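The following features are taken from Swiss-Prot:
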type	residues	note
REGION	15-138	region 'Acyltransferase'
ACT_SITE	His36	active site
REGION	233-646	region 'AMP-binding'
TRANSMEM	258-277	transmembrane segment
TRANSMEM	409-433	transmembrane segment
Amino acid sequence: MVLTFLRALLRLAFRTRLTGDLASLNKRRVLITPNHMSFLDGILLAVFLPVKPVFAVYSSISSQWYMRALRSLIDFVPLDPTKPMSVKHLVKLIGQGRPVVIFPEGRITVTGSLMKIYDGAGFVAAKSQATVVPLRIEGAEYTPFGRLGGVVKRRLFPRITLTVLPATTIPMPQAPRARDRRRLAGEHLHHIMMEARMAVRPRETLYQAFLAARTRYGLFKPCIEDVNFKPDSYSGLLKKSLGVGRILERYSQPGEYVGLLLPNATVTAAAILGASMRGRVPAMLNYTAGVKGLTSALTAGEIKTVFTSRQFLDKGKLWHLPQGITQVKWIYLEDLKDTLTTQDKLWILGHLLLPRRAMVAQQPEDAAMVLFTSGSEGHPKGVVHSHKSLLANVEQIRTVADFTPCDRFMSALPLFHAFGLTVGLFTPLMTGARVFLYPSPLHYRIVPELVYDRNCTVLFGTSTFLGNYARFANPYDFARLRYVVAGAEKLQDHTRELWMEKYGIRILEGYGVTECAPVVAINVPMAAKSHTVGRILPGMDSRLVSVPGIEQGGRLQLRGPNIMKGYLRVEHPGRLEAPQADNGEGQMEPGWYDTGDIVSFDEGGFCQIQGRVKRFAKIAGEMVSLEIVEQIARNASDDKQHAATIKPDGNRGEALVLFTTDAQLTREQLMHSARELGSPELAVPRDIRLLSQLPLLGSGKPDFVTLREMAEQPEDRRE
């Protein structure tokens, strides 16, 4: 009677809905593992689940007066992690056919993300051979019964959804010690919990996700700022997006790829959202690619119109781009400010009140953005991402990292770079965090000062950029940082050590590719291992395909919700080439993406990048990694820049060429360094060439196309 009344009350107050695979709850041995969002969670499960479960409750809580009062309504057993008999009792209950509920986090979330997963729940599942039924509770965190006060906008009666996910099992891990078996079972359960979160993510477009964040975190919460130092709230950014979107649609057609040549600024974010809401597909153009690279990108995407800014072209000294590229129409945003009519202003005002009506009909699977590869190995390719793939990567990041609305991001990587776009713009916007957009990562003195001045807690960049920030920053500039993430290139040991020694901060290395929106793997405080790029993100499948001549690791192929829709190539303008990959048996499988990277995994699932397939030299029949060559050079001269490439060799097939900024570096030093590292003599180049500065791409990576061309030109050798 009491439970019936509570069910009616909770359904009325919170529009509570139970959905999903309810049949799995009726199996004989069932362990239900919900996430923990509020003090309501236990009551919600007790009154809405179609079975009567036994709740495992920590003994410190079960002894409280309110739990004793609920004893007649709810079955629960005290759980003491320090006493093995508690676990044995739960295993026995499951064996008797009683459904058991354990909250694996052990506490209510204070971040909105998953908290630490205790190993005990996973070990109970493995020991009892139970059917594990993941269950997601969504919405309860916004009630006054949650613990996110000051983090999210509280609501008295939010909608609460209980989703039962497909059942799975946790086999008993094979390990010699019970402690290791317990830990591995806990890691397996953690993976199940992360996959459950990914499974219930909403099906939205970018604009819909932005509006949902605006509702969730507050219409007037500051969310974005640039070098004008005028923060915009979600409503302020919405207003600008409506204005820019209204203008952009005059010069383009629905579904058209629209070029954006703009810096890291609030207006760029507004242009992305504005174009997206009106059914246009923003194509982020790399202004460092030069006339040749930009022409290739425009041709591949059949882009007819490019929106840019006179002020940006002036400050960046980029007028050679519109002057050298005449096949497209250039539209300058400054010229359009005064073109808004009274009708346009009324349209903007009306859609500020009813913003959902501003979006033209779209599906999450539709094209949302075009990003271009760096062109480090040839022509830039257009990478078309859907709303679904971009937002899936944002959700994957939020699943493993505990970003909250209290965080402040420093985003200096350009928005035409996938890392800068997803991690530097979409992730903070969808998380309720505040982001500061800065137009250049190369200002090594200014960026640290802004991190200090704006109280930033999250910084990301390439190893090169982070190393230079550390050189010029004051030790107190980074005092508030809690996440420093390196990606886009291998994190150098001296950069890692400098940050730890000078600032006491551990850099978390990650790995990504533009085609995966871009983050594939990342170290996080909950799961980190030096000299790896972390574990593959939840929701993704991975496999290694063997490569002849390479013994350790294999070619990494990926499949998941964050994979691109396809390529746009300059050879076939406008034609979308869907991803597919050779499975190693000569069969092309659609949906898989071949990264071209040689990767290995350790026993804990941590990923180590060995190098790109194209960055291996075949010398006298032996495969030599060019990254090993660069590692040898860095070990011999760690304060200079080095890049290795190849040139044809009539006798041995290919020969190594090392470009360096160290005028004193000799082959004898490289030989000594190779012996220290245990590297083969075959990896020591004979051709060493001095450059005052390595040619770099806009992302900070070496320009290997230019270096390869330089290597094939005859030049005096230094041995």
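Quick reminder: no glycine exception, Cβ is built from N, Cα and C everywhere.
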Original post:
Within 10 angstroms of the C-beta of His36 (active site), what count of other C-beta atoms is obtained when all protein chains are considered?
Top reply: 21
Subject >> In three-state DSSP terms, the structure that His36 (active site) belongs to >> reply: coil
Original post:
Roughly where does the region 'Acyltransferase' (15-138) sit in mean pLDDT, to the nearest integer?
Top reply: 85
